[in-house]
């Protein structure tokens with residue numbers, strides 16, 4: 001039986017979280033077209049008769065000197081050092097740039113085995129030729145490259161095979177039925193944040209986080225009271241929406257997802273609160289990003 005830890009890295013919006021969810025068969029990480037939706041190192045667990053793979057989904061790799069981004073990049077570097085294999089995900093629509101060079105430099109210095117995963121092959125207009133030329137110039141062998149569509153689940157079984165081929169014999173780190181090690185509070189908080197980002201799309205920057213005040217199981221029914229924290233006054237109005245329709249829609253969708261995942265009915269109460277410039281508070285950022 002084989003087992004091991006595998007980090008998933010790449011630029012923002014390349015489909016890292018979709019890949020994690022597709023392999024594990026559950027919604028573990030937030031999926032959004034908004035770059036850098038993933039903040040924490042999210043663990044997903046896949047177990048079959050061959051063994052167990054523990055995936056670590058990481059924030060999108062983006063070069064920036066902002067405090068929040070620096071904290072996210074520290075998470076990426078930390079995840080790489082914890083794993084036996086790296087999945088480097090490239091969006092087939094993106095022409096290789098400075099981030100690709102930097103990521104491959106980091107991988108090379110780590111001395112850790114890696115696979116280049118070219119994602120979204122179901123899309124018509126691509127930069128596949130430019131990507132392959134770039135990888136060839138970097139000395140990446142074709143055996144280390146796999147082309148997939150995480151969303152359409154194309155070549156997902158093949159990527160599992162390649163991962164197992166790179167892992168050593170080892171024990172099961174988690175019980176077979178586990179597909180994540182996230183605590184209920186964190187999962188619930190991330191579901192609410194994910195729905196908020198999805199509903200607002202480009203209207204709201206990344207200046208929000210969610211905070212669970214109460215999460216209780218009351219006679220086999222979840223009672224949840226949570227806050228959506230924003231950094232600016234104008235953002236409160238965007239989330240609440242006209243006549244409270246925005247926050248109502250967020251609550252309804254989040255409630256459905258929470259009920260489905262935890263297989264229990266759910267009472268969810270949301271409130272939007274202002275914490276001015278929280279995204280410039282280094283201590284708070286450190287607490288939010290683990």
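Cβ from N, Cα, C; glycine included.
The region 'G4' annotation in Swiss-Prot falls on one of the ranges 111-114, 115-118, 119-122, 123-126, namely 119-122. Range 36-40 is the one annotated as region 'G2', of 26-30, 31-35, 36-40 (source: Swiss-Prot). If you draw a 10 Å sphere around the CB of residue 58 (GTP binding site), it holds 27 other CB atoms from the protein chains shown. Under the three-state DSSP scheme, residue 10 (GTP binding site) falls in the strand class.
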